[in-house]
């Protein structure tokens, strides 16, 4: 589905099962977009659409709390960790800020605090978030945000950045200090880097953020050292007990500057909301003239004690907010409209544009979402149009400018046949989405289905990337999933740019994937609308592929995360003889699906049946590890303290949760006592 399709649904008239299915689908979609943005640095939707979809999910869950998805983007930050670097757990979770999009919403945030307070104001840098750890004042290691719980250790690359202190400029450093900031590439350096890349026939970067993120993730730090990256610090994370915390956020930033860190020279201390508005007005007008890209402004309660009182949500602090700038818009001309085919056959119109610069990037393509969108906006080939590039990702055509329309402008019509395989295109139930009916007979769908099949959350054949899949399909070496497991060394080495070593790596990766879990297999076969969460639920419920194949509609709709839509899709999938043949061929070549093992919770007198909250950081446990351990012995782990909480497990640097637990008289357990109880 596309963002516009999610927006067009009339959720208030849906049956409960359908509503639940769409909430799950939206949560899965946002998780995937988060992974593409934070982990792969390859977003396919705009920041604006992501923010609107996130808010839509929040609203739906607020109205229907019984349908709240488990482990969704509502509870998490960011994306998962790439392979290739050592994974390090954050000593203190790297959270993100809630967003607002207007001065009215910013005013609401200010008024909710219920204090006439000072706000520290700063630009929101558009780069890569980083945590740098110092021991006794000396650089120890650096970690990316990752999924907020753990990230990639990129110390050697970060040490090459000229303005990163390798030793704190103080005679009395704390024993441990984690400094957080944003790694960026300024506009001029970005243009110079792309010019260099183009001259040397290398792939250029789409924008400064991607250039910064891509540089930090390079394995050769010598190359990174040649790139003029910069670090702008915005705060601290973990700190040892000997660190003397300033009384205000503004003083904290001055302290970091005295330690040798670069901070924004556009920081400002607003004493009231009128000054907040003045700062907003000033920065909005100066944005284009800044040396670096910013995508918004950040406002933080200045008083540190008040920050602690206001507290946190699962996603981040309640005492800070990010104001996001509107998307950048320019004019261009539609030269042509082409139709692309996705994994499920969805037909997406794409405008080919007269190249135009938007935010320092040349744009020549823009999504038109669907044919209904084209009709409602009356967009024609030859029209002058407004193009928006929000958050430096895939542009979209916002509207046409009919006052400039030429007499030969062509109306865009949905083709009756697939542009790739010539199969009939159908529209079911008069929805916005049209689909190619070719299925596995359509090369475009085949290619996208196989890319999905080998992806990390499916069969996880990590050496078989998207480009290689395209090569193999084009060469008629693979058409169905089972064909992947029939590939041989000679076939692979016969392809362009496939040497002996890389070919063997692919074969080893394929062999390694031959014992998938049932949940991975269900996700991999690509049943429409089934994501990770519903795959897990189905695997745990049925316990085997045989039982899943025999599932009846009535049984399916009783399962968590499976509504009528998904249930119908599952039944339809197993009624298709080609799907059955594909799965049987797959099993015939020796794939061994691992059925889930149902583990009975061990009984623990202290924790079984208890509601537990975890706060602070721990010397001997990661937060995720401790959560899983407690759940394995029957505890219910929640994110907030209430009268229903039985105990709070408290580590170092515990904040408002500890305070609230003490106020409510909830039992507090320190790490020193935890091991004995476990």
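Any Cβ shown, glycine's included, is placed from N, Cα and C.
Predicted, not measured: the structure shown is a model, and the values here were computed from it.
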Site-mate of 47, 48, 49, 50, 51, 96, 97, 122, 182, 300, 324 for NAD(+) in Swiss-Prot, selected among 145, 162, 352: 145
Of the binding-site residues listed as 47, 49, 97, the one whose CA lies nearest the CA of residue 421 (Zn(2+) binding site): 49
Output field, Zn(2+) shell: CB within 8 Å of site CB centroid, site 418, 421, 436, 442 dropped: 341, 345, 417, 419, 420, 422, 423, 425, 437, 438, 441, 443, 444, 445
Rounded Cα-Cα span from residue 124 (active site, N6-AMP-lysine intermediate) to residue 49 (NAD(+) binding site), Å: 19
In the chain carrying residue 442 (Zn(2+) binding site), residues 6 or more apart in sequence that have Cβ under 8 angstroms from it: 341, 345, 418, 420, 421, 423, 436
Sparsest-packed of the listed binding-site residues (47, 49, 51) - C-beta count within 10 angstroms: 51
Counts by DSSP class (helix H/G/I, strand E/B, coil) across the domain 'BRCT' (602-678): 26 helix, 18 strand, 33 coil
